[in-house]
Amino acid sequence: MLSRSRCVSRAFSRSLSAFQKGNCPLGRRSLPGVSLCQGPGYPNSRKVVINNSVFSVRFFRTTAVCKDDLVTVKTPAFAESVTEGDVRWEKAVGDTVAEDEVVCEIETDKTSVQVPSPANGVIEALLVPDGGKVEGGTPLFTLRKTGAAPAKAKPAEAPAAAAPKAEPTAAAVPPPAAPIPTQMPPVPSPSQPPSGKPVSAVKPTVAPPLAEPGAGKGLRSEHREKMNRMRQRIAQRLKEAQNTCAMLTTFNEIDMSNIQEMRARHKEAFLKKHNLKLGFMSAFVKASAFALQEQPVVNAVIDDTTKEVVYRDYIDISVAVATPRGLVVPVIRNVEAMNFADIERTITELGEKARKNELAIEDMDGGTFTISNGGVFGSLFGTPIINPPQSAILGMHGIFDRPVAIGGKVEVRPMMYVALTYDHRLIDGREAVTFLRKIKAAVEDPRVLLLDL
């Protein structure tokens, strides 16, 4: 064993000497991962001493693309009121994406945030599973950049027309008819004697089995779907409102005759000047701001931590908008300084963003009062639930012709029921009823707003 080790050592020494002198055919070429002691040192290298000869063995990795071409995309920063969200992937590993193309969507408590691709490239890896929870700054996916945008697929060329079938050159000649027999053929003698039982010409058939009761009807089934984060948050907030607030609702009805007449008379001029349609929501938003200035307690809120009442000198009205994902409430800020055109423009912009699922969290943060319009769905009557941490909410309903007493006579007028749900811990019945009557007066006669009555 000892002699064998010495032989191996001598053979290795001779090879090493030949390598150092250049006699080895590989001595003049650089070997990957191996360098002589005269070469520079590397942080990932280690030195090996064999027969007083020092070698440096370097371990490394190589890649075909520069590191700068591989980008890690992280979760965008959330607002202070949002801590995490659920990821829903729109692309998979290996998909080619263009710059600003949506790769995934992060669903938070309030809205959905779309994460676009920062450049043209190919998805290398998805770092979070579908449905996984992420926080702000969490790595989402890696993208390998490419030079140009992905080419659109060319439309498939129409297949070549099939060659027309060859038409028959001549009609087929029918075969000659067989001769008609003039005599009946002889009756064959039976090989077995006939039995005494008659033979039926029709084979007996078995009646089909009777169908089970209810088999022809549709099958009864059920399926389950996980609640999305927005629906969970809505359920949580509404239950918090019921458990925290002492909610009470007061009602009134509004004659919509004058506001309908004003809209019909000025909608064309309004559209021509502002390029906006004149609706009823702007009238209720403006009337609510007018009433909130008269009754500031409705615009206030209780701070349960410090047991204080917070009065706001600004009016930010949240307008409820129904989307396929759930109810969202974007905020119209500083309504007290707006006119009808400003309100209509803001409502149009927020509604368009809500339908396209482009609302940012900043669009829904805050709000001192909420208006919910169930009338667009044909609602006749209802009691809305407060949107915490606010103290009141106005519920609008449908406009229906009803007989009402006007000056001692019965007339048919377009009427709307309105409901005000408020936190009775802070707002007394007198303030709530006065507030709702202010809205009624401003909508029934818009001149009240002009004259500040």
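Any Cβ shown, glycine's included, is placed from N, Cα and C.
The annotation active site is assigned in Swiss-Prot to His424 (among others). Mapped onto three states, the DSSP output places His424 (active site) in coil.
Using a 10 Å Cβ-Cβ cutoff, Asp428 (active site) registers 12 neighbours. Annotated active site per Swiss-Prot: Asp428 (among others), in sequence order, evidence recorded as similarity to another entry.
What Swiss-Prot records for 152-172 is compositional bias 'Low complexity'.
Per Swiss-Prot, compositional bias 'Pro residues' is recorded for 173-196.
Residues annotated as domain 'Lipoyl-binding' in Swiss-Prot, with sequence analysis given as evidence: 70-144.
Residues annotated as phosphoserine in Swiss-Prot, with similarity to another entry given as evidence: Ser81.
As annotated by Swiss-Prot, N6-lipoyllysine applies to Lys110, with the evidence given as sequence analysis.
Positions annotated as N6-acetyllysine by Swiss-Prot: Lys154 (among others).
Here Swiss-Prot flags Lys267 (among others) as N6-acetyllysine. Long-range neighbours of Lys267 (N6-acetyllysine) (same chain, six or more residues apart, CB within less than 8 Å of its CB): Lys277, Leu278. In the three-state DSSP scheme, Lys267 (N6-acetyllysine) falls into the helix class.
Swiss-Prot lists Lys272 (among others) with the feature N6-acetyllysine, giving similarity to another entry as the kind of evidence. Taking Cβ-Cβ distances under 8 Å and a sequence separation of 6 or more, Lys272 (N6-acetyllysine) has no neighbours in its chain.
Within the same chain, residues at least 6 positions away in sequence whose Cβ sits under 8 Å from that of Lys273 (N6-acetyllysine) are Ala341. DSSP classifies Lys273 (N6-acetyllysine) as helix under the three-state reduction. Here Swiss-Prot flags Lys273 (among others) as N6-acetyllysine.
Neighbours of Lys277 (N6-acetyllysine), defined as other CB atoms within 10 A of its CB across all chains, total 12. Swiss-Prot lists Lys277 (among others) with the feature N6-acetyllysine, giving similarity to another entry as the kind of evidence.
If you look up Swiss-Prot, you'll see Lys307 (among others) marked as N6-acetyllysine. Classification of Lys307 (N6-acetyllysine) by DSSP places it in coil, neither helical nor stranded. Within 10 Å of the C-beta atom of Lys307 (N6-acetyllysine) sit 7 other C-beta atoms, taking all shown protein chains into account.
If you look up Swiss-Prot, you'll see 152-225 marked as region 'Disordered'.
Annotation source Swiss-Prot lists transit peptide at 1-67, citing experimental evidence.
Helix, strand and coil residue tallies for the domain 'Lipoyl-binding' (70-144), in that order: 0 helix, 39 strand, 36 coil [DSSP]. Its own atom aside, the Cβ of His424 (active site) has 14 Cβ atoms within 10 angstroms in the protein chains shown.
With respect to their backbone Cα atoms, Lys307 (N6-acetyllysine) and His424 (active site) stand 15 Å from each other. Mean predicted confidence for the domain 'Lipoyl-binding' (70-144): the pLDDT average there is 85.
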